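This is the structure I want to talk about, given as structure tokens.
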Amino acid sequence: MELQEVLHMNGGESDTSYAKNSSYNQLVLTKVKPVLEQCIRELLRANLPNINKCIKVADLGCASGPNTLLTVRDIVQSIDKVGQEEKNELEHPTIQIFLNDLFQNDFNSVFKLLPSFYRKLEKENGRKIGSCLISAMPGSFYGRLFPEESMHFLHSCYSVHWLSQVPSGLVTELGISANKGIIYSSKASPPPVQKAYLDQFTKDFTTFLRIHSEELLSRGRMLLTCICKGDESDGLNTIDLLERAINDLVVEGLLEEEKLDSFNLPLYTPSLEVVKCIVEEEGSFEILYLETFKVRYDAGFSIDDDYQVRSLFQVYCDEHVKAAYVTFFFRAVFEPILASHFGEAIMPDLFHRFAKNAAKALRLGNGFYNSLIISLAKKPEKSDV
């Protein structure tokens with residue numbers, strides 16, 4: 001099965017769907033929003049062609065469910081807020097938003113929400129229906145999506161850490177896994193494996209920057225958020241917890257060792273330095289903002305979080321209940337690719353073990369997702385300076 005066919009979130013509205021298990025991502029969007037507003041402010045002040053009439057925006061790797069439209073809402077609100085603050089003709093330009101993800105993404109779950117979303121925009125923002133136009137643009141964001149110099153603003157949250165393919169060179173000349181017992185580029189991976197993943201990310205991210213710089217107008221903006229490398233003190237990340245669960249199944253004879261050794265996630269968590277270096281070497285963009293932040297696995301659930309997102313369960317919960325929350329979110333993201341390799345039948349047992357590992361991490365006070373935000377401006381052509 002082709003990677004693009006399984007690299008998507010759980011669709012629909014079941015208990016394990018992304019639509020029902022994405023409050024963590026809502027929290028991340030809350031963290032990103034101040035940077036988004038500043039990015040929009042700089043964009044509108046740049047006075048790009050046709051921006052007074054229609055601002056063209058794309059969300060790359062939009063996923064599905066309510067979070068997709070939360071991103072759209074934040075972008076629209078930022079544009080309207082800045083327009084009001086600037087007191088100029090940009091107060092209510094038409095906004096054309098393209099939602100991009102791979103072909104297997106559940107776009108229908110988003111489209112079903114549009115009528116109520118448009119009504120809410122009209123009620124809360126004073127935007128008449130028709131002043132915000134939302135459509136889908138399916139396809140890989142590692143390829144061309146839009147005409148040259150046609151877009152004002154590109155946004156992507158929690159997508160660019162996904163690679164276009166599993167790196168080559170993960171099998172030795174003897175046909176043995178070079179990353180035996182490990183499912184991604186971790187601290188325990190041999191140096192050649194770490195280099196293979198870094199090389200693939202460098203190739204993919206360079207392609208991403210080059211292609212989308214061609215689609216952006218001169219001085220257009222791009223805002224990216226992705227998972228990044230953490231600190232030694234953070235403990236195991238969720239991929240490590242998954243890896244332990246799979247290894248336990250192998251040890252107990254419930255899963256063939258070959259299945260584990262032949263599985264490598266097409267995912268890479270870069271460091272801030274790596275991202276900065278790639279952007280500078282590719283050369284199309286100026287870095288306006290670059291920072292990292294960390295959030296606990298169970299953020300978005302606990303009533304102790306210092307964020308706007310709050311749990312539906314306003315009671316004290318132990319680590320097992322919180323671990324179940326973490327597991328549902330993780331399963332919504334990773335189940336399609338895991339089930340395609342290991343089989344549907346073993347998924348309940350696998351995620352049960354994952355939940356136990358997550359509970360241990362939370363009990364020890366460990367368990368963080370590390371994220372990176374980078375705001376970019378396309379460098380003007382010499383003739384535009």
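Here the Cβ of each residue, glycine as well, is placed from N, Cα and C on the backbone.
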If I go by Swiss-Prot, which of Thr94, Thr207, Thr238 binds caffeine at the same site as Tyr158, His161, Trp162, Tyr369?
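So the caffeine site in Swiss-Prot includes Tyr158, His161, Trp162, Tyr369 plus, from the candidates Thr94, Thr207, Thr238, Thr238.
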Among Asn179, Asn237, Asn247, find me the residue Swiss-Prot lists at the same Mg(2+) site as Asp261, Phe263, Asn264.
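Checking Asn179, Asn237, Asn247 against Swiss-Prot: the Mg(2+) site match is Asn179.
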Given the recorded positions Tyr158, Asn264, Glu344, find the one whose Cα is closest in space to the Cα of Ser140 (S-adenosyl-L-homocysteine binding site).
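Smallest Cα separation from Ser140 (S-adenosyl-L-homocysteine binding site) among Tyr158, Asn264, Glu344: Tyr158.
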Cβ atoms within 10 Å, counted per site: which of Tyr18, Phe263 has the most, among these binding-site residues?
Tyr18
Distance between Tyr369 (caffeine binding site) and Phe141 (S-adenosyl-L-homocysteine binding site) at the Cα atoms, whole Å?
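One finds 24 Å between the Cα atoms of these residues.
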Using only C-alpha positions, which one of Thr238, Asp261, Asn264, Leu267, Glu344 is spatially nearest Cys157 (S-adenosyl-L-homocysteine binding site)? These are the recorded positions in the record.
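Nearest candidate: Leu267.
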Closest to Leu102 (S-adenosyl-L-homocysteine binding site): which of the recorded positions His155, Trp162, Glu344, going by Cα position?
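Answer for the nearest of the recorded positions: Trp162.
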Taking the Cβ of Asn264 (Mg(2+) binding site) as centre, how many other Cβ atoms lie within 10 Å?
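A count of 23.
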Based on the record's binding annotation for caffeine (Tyr158, His161, Trp162, Thr238, Tyr369), what whole-number value in Å is the widest Cα to Cα distance?
15
